[in-house]
Amino acid sequence: MQRANLSTVSEFVFVGLSDAPEIRLPLFVLFLLIYLATMAGNITLLVAIGTDSHLHCPMYFFLSNLSLLDLLCPTITVPKMLGALLLGNGEISFAGCLFQHFSLIAVVGTEIFLLAAMAYDRYVAVCHPLRYPSMVSTKLCARLALGTWAAGLWNSLLHTSLVFTLSFCGANRIQQYYCDIPPVLALSCSSTRSRELVILLVAGLLGGGACVVTVLSYIYILLEILSRKSPGSSGTWHKAFSTCGSHLTVVCLFYGTTICTYVRPSFTYSPRRDRVVSMLYGMLTPLLNPLIYSLRNKEVKCALRRVISRVRSAL
C-alpha cells in the first residue's frame, strides 16, 4: 500500500523564481555568473591549499573540506534552477527529487559539523598553542573530517527517509527551486506532525550540539585574546583575532540562514521568504567563504600569488 501511495506522484514541478519571461533571462545570467564565481573561487582555494606546502596544516585541511562542500552545495541545486529559468522546464522525477534532497541535506549537515571542528581547532591553536601539535594531530584531523562527513550522511539518510516515505497523492508543485524539506512536506496528503517532531528533535540535538561547541570555542578564544595584553604579543593576537573573525563571519552566515530554514515548525513556512533565505546559504555563503578566507588571511593570499606566478610561468 505504501509503494502504491509513493508511486502516485511520479514527478514534481518547481515553481521557481519567476514565471515572467522578461525577468527569467536576467535572473539566469545573474545566477550563472554567481555560480561560476563560486566554482572559480573555491577551486582556486583548493588548488592553493593542495599545492602550497605552507598550507599543509590542520586549519587549511579543514578549510579545504569546507571549499569542497561549497562546491557541492550550489552544484546540487543551481544547474537545475538555471535550466528552469532558461528553458522553462521545472519538472523533476520523484527519484531525482529524492536524490537532490538527500545530497543537499548531507552537504548542509556536514558543513554544520565541520564548522564545529574548525572552531575547536582554532580554540586549541589560540588557547593551547604549545600543546597544539599533540592535541590536533594529523590522525585526529582525519578522524574529525571523516566523522563530519559520516554524521552529515547519516543525518541526511534519516531526514530523507522520514520525508519521502510519506504519501504524495495530490498536488506536485514545489514552492521552491529545489527539493527541500518544508515545501516537500507541504505536498504530502498524509499527516506529517510526527515526522516534523522527529525532524525538529534530530535537527535540534545535532545542530544545537554543533552550535554549542562552536559558540563555546569562540567564547574561550575571545576571553583568551582579551586576557593577553602584553605589547610583544600584540601582533600574534591580532593575527589570531583576524583569523577567528573570518571563521566567525562564516559561522554566523551559515548558522543563521540554516536555522531559519530548518529548525522551525512547518506552519511558519513562507515560500517567498524561504526562497530568499535558501539563496543565502545555498548560493551566497559558498561564494563568500573563499573571499572571506583569502582576503583576510595573509598566508592564503601569499599562496594564491605563488599559484598565479606558477600559472604565468607555465603559460
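Residue positions begin at 1 at the first shown residue.
Glycine is no exception: its Cβ is also placed from the backbone N, Cα and C atoms.
Where the annotation comes from TrEMBL, it is an automatic prediction and has not been curated.
Residues annotated as domain 'G-protein coupled receptors family 1 profile' in TrEMBL: 41-293. Positions annotated as transmembrane segment by TrEMBL: 27-48, 60-78, 98-120, 140-158, 197-223, 244-264, 276-295.
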> Under an 8 Å Cβ to Cβ limit, what residues of the same chain, 6 or more beyond the ends of the transmembrane segment (27-48), are close to it?
Replying inline: 17-18, 55, 63-64, 67-68, 70-71, 74-75, 78-79, 81-82, 85-86, 283, 286-287, 289-291, 293-294, 300, 303-304, 306-307
>> With Cβ-Cβ distances below 8 Å as the criterion, list the same-chain residues six or more beyond the ends of the transmembrane segment (276-295) that contact it, or say none.
In response: 31, 34-35, 37-38, 41-42, 44-45, 63, 66-67, 70-71, 73-74, 77-78, 104, 108, 176-178, 180, 246, 249-250, 253-254, 257-258, 260-261, 301, 304
> What stretch in 60-78, 98-120, 197-223 has the biggest tally of Cβ pairs under 8 Å against the transmembrane segment (140-158)?
Replying inline: 98-120
> Which residues, given as numbers and ranges, are at least 6 beyond the ends of the transmembrane segment (98-120) yet have a Cβ under 8 Å from it?
Replying inline: 59, 62-63, 65-66, 69, 72-73, 76-77, 80, 92, 144-145, 147-149, 151-153, 155-157, 159-160, 163-164, 178-181, 184, 206-207, 210-211, 213-214, 217-218, 247, 250-251, 254-255, 258, 281-282
> Taking the domain 'G-protein coupled receptors family 1 profile' (41-293) alone, what is its mean pLDDT?
Replying inline: 83
